[in-house]
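Only one structure is covered here, and it is reproduced in the block below.
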């Protein structure tokens with residue numbers, strides 16, 4: 001007899017009204033309309049995704065009757081170009097982590113890494129991935145590619161591809177990582193040069209001290225400067241008799 005309809009959106013920060021007192025509120029104002037007891041939303045965006053609850057109340061001969069229904073809306077959005085972080089150089093035996101991320105895709109994207117144009121295998125412990133004896137861990141959910149100990153064989157051109165089944169996959173630009181061995185001979189040469197410079201500096205200081213360049217002035221060379229006082233500067237402060 002007297003039908004009352006309310007729509008609410010359930011969010012992590014609480015419940016907000018969508019349709020109340022026969023009008024739309026908030027972000028849906030001006031781009032939504034009622035169809036009987038349902039809602040038609042125009043120009044949906046990712047922010048419209050969420051859980052909605054329809055609440056209906058009506059008077060009857062038995063009194064007030066209530067009913068409700070919950071609907072989950074997922075707005076599908078194709079991924080955007082991901083942002084990839086790949087170090088340009090690394091030393092053998094070190095830990096290297098690459099990252100790949102995009103935040104616009106809905107549902108969230110999964111990530112695939114490529115090296116020299118070839119898709120990298122996941123470390124599953126079975127099949128071809130196990131036979132390849134791979135030394136990295138690829139997380140398709142987070143987009144990370146982790147090398148516990150990189151080797152020179154890991155040198156190459158890397159890029160990442162994001163996809164969520166909506167629209168076309170997107171990939172970042174290709175970036176090269178160069179892995180080199182630790183230059184032990186160069187480090188030894190540098191240490192020897194530093195030690196040689198320190199020895200030369202010490203010999204220079206010793207020679208200067210021996211020549212007396214750093215000798216302290218003798219007491220006979222020290223002169224005491226006294227400021228003479230002229231008669232004009234003398235002030236008569238007391239009168240006295242002899």
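In case you wondered, yes, glycine gets a Cβ from its N, Cα and C as well.
The residues of the domain 'Ig-like' (1-72), classed with DSSP into helix (H, G, I), strand (E, B) and coil, number 6 helix, 47 strand, 19 coil. According to TrEMBL, the feature domain 'Ig-like' maps to 1-72 (among others).
The feature domain 'Ig-like' is assigned by TrEMBL to 79-180 (among others). For the domain 'Ig-like' (79-180), the model's average pLDDT works out to 89.
Feature annotation from TrEMBL assigns transmembrane segment to 184-208.
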Quiz item: Per DSSP, how many helix, strand and coil residues does the domain 'Ig-like' (79-180) have?
Solution: 8 helix, 45 strand, 49 coil
